[in-house]
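Trainee: Relevant sequence annotations retrieved from Swiss-Prot are reproduced here:
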type     : residues       : note
TRANSMEM : 39-59          : transmembrane segment
BINDING  : His116         : chlorophyll a ChlzD2 binding site
TRANSMEM : 123-139        : transmembrane segment
BINDING  : Gln128, Asn141 : pheophytin a binding site
TRANSMEM : 151-164        : transmembrane segment
BINDING  : His196         : chlorophyll a PD2 binding site
TRANSMEM : 206-226        : transmembrane segment
BINDING  : His213, Phe260 : plastoquinone binding site
BINDING  : His213, His267 : Fe cation binding site
TRANSMEM : 277-293        : transmembrane segment
Amino acid sequence: MVASNLTLQQRGWFDVLDDWLKRDRFVFVGWSGLLLFPTAYLAIGGWLTGTTFVTSWYTHGLASSYLEGANFLTAAVSTPADAMGHSLLLLWGPEAQGDFIRWCQLGGLWAFVALHGAFALIGFMLRQFELARLIGIRPYNAIAFSGPIAVFVSVFLIYPLGQSSWFFAPSFGVAAIFRFLLFLQGFHNWTLNPFHMMGVAGILGGALLSAIHGVTVENTLYQDGEQANTFKAFDSTQEEETYSMVTANRFWSQIFGIAFSNKRWLHFFMLFVPVMGLWTSSIGIIGLALNLRAYDFVSQEIRASEDPEFETFYTKNILLNEGLRAWLAPVDQPHENFVFPEEVLPRGNAL
């Protein structure tokens with residue numbers, strides 16, 4: 001008894017805190033939780049505050065809050081004014097000077113949500129690393145989650161850092177994200193970018209693989225019985241697999257002429273496809289931050305300009321992009337006071 005008390009007394013505060021953080025509880029905390037929970041709480045709270053009360057009139061000339069009449073699809077926490085450049089927009093910084101209302105008007109909430117959101121995602125990834133380490137499994141969950149982190153950081157942070165200001169990042173809202181997608185298409189021809197193509201293939205391919213895998217397992221479940229390994233429930237200690245890999249292999253071999261014969265390769269492939277899609281999309285967005293162009297089929301553009309009867313889907317899309325730029329820019333960037341003469345504006349076929 002005395003020895004145990006001495007042991008407890010000799011333990012430092014770090015060991016005591018370590019034990020408390022890693023204690024088995026309903027919601028695991030861990031060291032990663034010290035980063036995750038405060039930053040996630042502040043990011044979500046900042047977003048809810050902004051979408052409820054804060055206008056975008058001073059930054060975008062828009063109404064963007066429930067208080068102004070926006071709904072869930074049109075409300076947003078908008079990016080800071082273009083004049084703010086890449087300032088961190090700290091509440092106590094030279095722009096707001098501690099004035100909370102002025103800070104909100106300048107777009108400080110966006111910087112607040114973006115910064116804390118990025119750290120929250122990193123905290124969630126570290127949480128998966130930490131828990132995997134504690135229970136003795138491999139860290140592929142955390143590695144896979146690097147995909148969403150890469151997309152968030154590239155889209156919300158790296159892209160605007162490559163442009164003139166935070167203004168050109170996406171605002172945090174549904175319709176605001178759609179505006180950003182149209183902007184990427186009109187100004188960067190994003191859909192023709194090979195990294196976007198790889199991203200689409202990865203995400204849709206991952207969804208397809210997930211659906212195929214799910215139905216295959218469902219289709220090859222053992223018939224329920226009363227035996228130890230096939231009773232009407234799942235037992236974490238059962239000796240055999242719950243579904244028949246052999247039957248699944250035979251089925252897909254007949255359908256496609258080829259099938260996975262190894263579970264590890266199958267599941268790694270299901271991990272690899274969507275994560276690579278996210279990574280390649282992120283690389284593409286970094287390219288856009290540097291204003292790198294996608295494919296330019298100049299020969300088709302030259303021929304289309306010389307021959308009125310020659311047009312391809314590519315040349316049609318280029319014209320659509322010109323229309324997007326001409327009509328989007330004056331509305332999207334009202335502070336620039338763009339005025340385009342009528343003769344250079346695109347006209348629809350009906351006109």
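Heads up, the Cβ atoms here are built off N, Cα and C, so glycines get one too.
Describe each of these features in terms of where it is and what it packs against.
Mentor: Proximity of His116 (chlorophyll a ChlzD2 binding site) to non-local residues of its own chain (separation of 6 or more, Cβ distance below 8 Å) is seen for Thr39, Ala40, Leu42, Ala43, Gly46, given in sequence order.
Classification of Asn141 (pheophytin a binding site) by DSSP places it within a helix. All protein chains shown were included, and the count of other CB atoms within 10 Å of the CB of Asn141 (pheophytin a binding site) stands at 15.
In the three-state DSSP scheme, His196 (chlorophyll a PD2 binding site) is classed as helix.
DSSP classifies His213 (plastoquinone binding site) as helix under the three-state reduction. Around the Cβ of His213 (plastoquinone binding site), 16 further Cβ atoms fall within 10 Å across all displayed protein chains.
The Cβ of His267 (Fe cation binding site) has 14 other Cβ atoms within 10 Å, all protein chains considered.
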Trainee: Given the binding-site residues His196, His213, Phe260, His267, find the one whose Cα is closest in space to the Cα of Asn141 (pheophytin a binding site).
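Mentor: When the Cα distances are compared, His267 comes out closest.
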Trainee: Measure from the Cα of His213 (plastoquinone binding site) to the Cα of every one of the binding-site residues Gln128, His196, His267, then give the nearest.
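Mentor: Smallest Cα separation from His213 (plastoquinone binding site) among Gln128, His196, His267: His267.
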Trainee: Taking Cα atoms as reference points, rank the binding-site residues Gln128, Phe260, His267 by distance from His196 (chlorophyll a PD2 binding site) and give the first.
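Mentor: Looking at Cα distances from His196 (chlorophyll a PD2 binding site), the smallest one goes to His267.
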Trainee: What else in the chain is close to the transmembrane segment (39-59), if you only count residues 6 or more beyond its ends and a Cβ gap under 8 Å?
Mentor: 65-68, 70, 75-81, 104-107, 109-110, 112-113, 116-117, 119-120, 123-124, 167, 171-173
